[in-house]
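The following feature annotations were taken from TrEMBL:
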BINDING   GLY10, SER11, GLY12, LYS13, GLY14, THR15, ARG128, ILE137, TYR138, ARG199  ATP binding site
REGION    30-59  region 'NMP'
BINDING   THR31, ARG36, ALA57, LEU58, LEU59, GLY86, TYR87, PRO88, ARG89, GLN93, ARG160, ARG171  AMP binding site
DOMAIN    128-162  domain 'Adenylate kinase active site lid'
BINDING   CYS131, CYS134, CYS150, CYS153  Zn(2+) binding site
Amino acid sequence: MILVFFGPPGSGKGTVAQFLQEKFGYVQLSTGDVVRAIAKEETPLGKKIAKILKQGALLDDKTMKEILVEELKKEKYKGKTIIFDGYPRTLQQAKDLEEILKNAGSKLTAAIYFDVADKEVVRRLSARLICPKCNKIYGLENPPKKDKICDKCKVALIQRNDDRPEVVKERLRVYKQKTKPLIEFYKEKGLLYVLDANRSIEQTRENIIALLEKIKSEQNGRI
């Protein structure tokens, strides 16, 4: 399967993708993690991306497409169920993804929209911490065993610059402007599934497993 997870920042896309990766061996392709890794590089592209991220804006579609094409060449994605976490974010990116997958002899299985209220997004992101080494996400409902220390890597957790309250508001504004049209795009193609992401982590995990079983069943029925 090839899945797209999309929704507002803080809707739980990354947390759920990590859970599925650990439980079922799916491969999470977090474009955010890929982009942030490039932003740390002392290259013209790295510096350009770092500046854009600090402003809470999105990278242009052409740059994102180039980054994604290169990323998908890596061995770890071959023959695996892939979860696109954080991509596409615009209609053009959705069309680009179709082209990329078609060129690879594949196609999208489903696009899952993580539906969550704005106030819940702000509540979650203000408390979200990330491991700078393994990128594991911690939050209100899944805090680390030791305060601000990663359970796995034993390194100090950090708050991303774009999780600061003033940047979160800008991220939500950009999301609503550029990303929400994807709902209609995938609905028209019969690929849209909606997940209530206002629930607890445990409930959301149960719901995503049930939803994936439904998707698999529907896919088998089409064959």
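For all residues, glycine too, the Cβ spot is worked out from N, Cα and C.
Keep in mind that what you see is a predicted model, and the values were worked out from it rather than measured.
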Counting each residue once, how many in the region 'NMP' (30-59) are helix, strand and coil under DSSP?
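Result for the region 'NMP' (30-59), in helix, strand, coil order: 20 helix, 1 strand, 9 coil.
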Find the shortest Cα-Cα separation between CYS134 (Zn(2+) binding site) and the binding-site residues GLY14, ALA57, TYR87, and name the residue that gives it.
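Given the candidates GLY14, ALA57, TYR87, the nearest one is GLY14.
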Taking only the binding-site residues GLY12, LEU59, ARG89, ARG128, TYR138, which one has a CA atom nearest to the CA atom of CYS150 (Zn(2+) binding site)?
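Given the candidates GLY12, LEU59, ARG89, ARG128, TYR138, the nearest one is TYR138.
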I'd like the number of other C-beta atoms within 10 A of the C-beta of ARG128 (ATP binding site), please.
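That number is 20.
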Can you break down the domain 'Adenylate kinase active site lid' (128-162) into helix, strand and coil residue counts using DSSP?
2 helix, 8 strand, 25 coil
GLY12 (ATP binding site) to ALA57 (AMP binding site): how many Å between their Cα atoms?
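Here the two Cα atoms lie 20 Å apart.
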What's the CA-CA gap between THR31 (AMP binding site) and GLY14 (ATP binding site) in angstrom, rounded?
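So the alpha carbons of THR31 (AMP binding site) and GLY14 (ATP binding site) sit roughly 10 Å from each other.
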Using C-alpha atoms only, work out the spacing between ARG160 (AMP binding site) and ARG128 (ATP binding site) and round it to an integer in Å.
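Approximately 8 Å lies between the Cα of ARG160 (AMP binding site) and that of ARG128 (ATP binding site).
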Checking the contact step here: among the binding-site residues GLY10, GLY14, ALA57, ARG89, which have a Cα within 10 Å of the Cα of CYS131 (Zn(2+) binding site)?
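The binding-site residues passing the 10 Å Cα test: none.
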So for CYS131 (Zn(2+) binding site), how many other CB atoms are inside 10 Å of its CB?
20
Counting distance between Cα atoms, which of the binding-site residues ALA57, TYR87, ARG89 is nearest TYR138 (ATP binding site)?
TYR87
If you count other Cβ atoms within 10 Å of each one's Cβ, which of the binding-site residues TYR87, TYR138 has the most?
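When each Cβ's neighbours within 10 Å are tallied, TYR87 tops the list.
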Among the binding-site residues listed here (GLY10, GLY12, GLY14), identify the one with the smallest other-Cβ count within 10 Å.
GLY14
List every residue in the same chain as CYS153 (Zn(2+) binding site), at least 6 positions away in sequence, whose Cβ is under 8 Å from its Cβ.
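Expected: CYS131, LYS133, CYS134, LYS136.
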